[in-house]
Amino acid sequence: MQANIFPFYPQPRTSFKFDTKIIEIIIICIVTACTFIIILPGIRGKSRSIWLFRILTSLFIGAVILAVNFTSDWETGIVTATTVYKSFSHSMLNASIGLWIGLKGVNITLIGNPVYQLNETINYNEEFAWESANQFDKNYKDGLERGLPYPILYVAEKFTINSPCGLFQQYCISTYYSSEIMWVAFGSWILYNVLFSMPVILYGICMMFVTAICMLVSLISFASVRQAPVCNIHFGNAVLKTHFGVSYWLSLVTGLFCLIVSLVLLFLYKTQPKVIRLIFSYGEEEDLSDKSENEEEHSSALSLNEML
């Protein structure tokens, strides 16, 4: 009888669905995009569609840079295995064990096949943050005290500071620099949008190029961890292997897109300045400014003649 008694959570817990920070970023971007679309009819001429493309493209780049800092699917892996459910128990269950690695920590999932087994609903998602070594070990000890399932604790143990695998040192360092460089990319994204709204297009193009380079360097920093010896996570004959996730590939595509756009704009700036003026809606404004300057010069000349 004692073998079937397991520790439970003090109250029912809801499994992870969506990260609220990601939802907030998506809502902010959608509201901002809708705002610009509403004021779109007030823009005259051929520059309307170009202006809309600029706004949506810039919002997409900024949203990706900001969102991937909080996602947990930079590197993912899932394995299906039959394993022990709880420590010091002989009860076995068939489940899918998932490992989701992000810049802020890891998420370890356990989903039963089927979900309802051993008189329980087997659907767990536990987050272990690595803001510091003490924080990760504290989360691991809390998991031990709460009686988390054995597969979750087994995977989390591989990332503890004292584990011989050394995964914590590898991932903590690489994700730290990846996150910091990605925040630099976000700052340069804000800066190039400000510069594009001013008559200093070349500086805006340069900052857009810097944004792309920062994103790519951040990806290289994260990918460097895979060059280290891999500590395999075994569940019987099954092995939990990881691969780059959606956030990594999305960041790569966005970084390359930003790089290509900046190089194209730089080429047009050097060879086709009229096209650049059209893209950034500077042509009409410069004509008006030239016209106003001529009118002021003409009026000042007339007043000078009257005085003479």
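For all residues, glycine too, the Cβ spot is worked out from N, Cα and C.
Per Swiss-Prot, topological domain 'Extracellular' is recorded for 1-21 (among others), and the stated evidence type is sequence analysis.
Residues or ranges marked as transmembrane segment in Swiss-Prot: 22-42 (among others).
The topological domain 'Cytoplasmic' annotation in Swiss-Prot covers 43-49 (among others).
Taken from Swiss-Prot, the feature transmembrane segment applies to 50-70 (among others). Same-chain residues lying 6 or more positions outside the transmembrane segment (50-70) and placing a CB less than 8 Å from one of its CB atoms are 19, 21-22, 25-26, 29, 32-33, 36-37, 40, 43, 102-104, 179, 182-183, 185-186, 189-190, 193, 196, 211, 215, 247, 250-251, 254, 257-258, 261, 278-281.
Per-residue confidence over the topological domain 'Extracellular' (71-172) averages 84 (mean pLDDT, predicted model). What Swiss-Prot lists as topological domain 'Extracellular' is 71-172 (among others), and the listing cites sequence analysis.
Taking a C-beta cut-off of under 8 Å and a sequence gap of six or more, Asn94 (N-linked glycosylation site) has these contacts in its own chain: Thr80, Ala81, Thr82, Gly112, Asn113, Gln117. The annotation N-linked glycosylation site is assigned in Swiss-Prot to Asn94 (among others) on the grounds of sequence analysis.
What Swiss-Prot records for Asn107 (among others) is N-linked glycosylation site, and it gives sequence analysis as the kind of evidence. For Asn107 (N-linked glycosylation site), other Cβ atoms within 10 Å of its Cβ number 20.
Note: Asn119 (N-linked glycosylation site) has no non-local neighbours, i.e. no same-chain residues 6+ apart with C-beta under 8 A of its own C-beta. Feature annotation from Swiss-Prot assigns N-linked glycosylation site to Asn119 (among others).
Annotated transmembrane segment per Swiss-Prot: 173-195 (among others), in sequence order.
Residues or ranges marked as topological domain 'Cytoplasmic' by Swiss-Prot: 196-199 (among others).
Sequence annotations record features per position, and here Swiss-Prot assigns transmembrane segment to 200-220 (among others) based on sequence analysis.
Only residues 6 or more beyond the boundaries of the topological domain 'Extracellular' (221-247), in the same chain, are considered here, and those with a CB under 8 A from a CB of the stretch are 67-68, 71, 73-83, 97, 99-103, 151, 154-155, 158, 164-167, 170-171, 174-175, 177-178, 181. Taken from Swiss-Prot, the feature topological domain 'Extracellular' covers 221-247 (among others), and the record attributes it to sequence analysis.
Per Swiss-Prot, transmembrane segment is recorded for 248-268 (among others), and the stated evidence type is sequence analysis.
Positions annotated as topological domain 'Cytoplasmic' by Swiss-Prot: 269-308 (among others).
Per DSSP, the topological domain 'Cytoplasmic' (196-199) is made up of 1 helix, 0 strand, 3 coil. In the topological domain 'Extracellular' (221-247), helix, strand and coil residues by DSSP number 9 helix, 8 strand, 10 coil.
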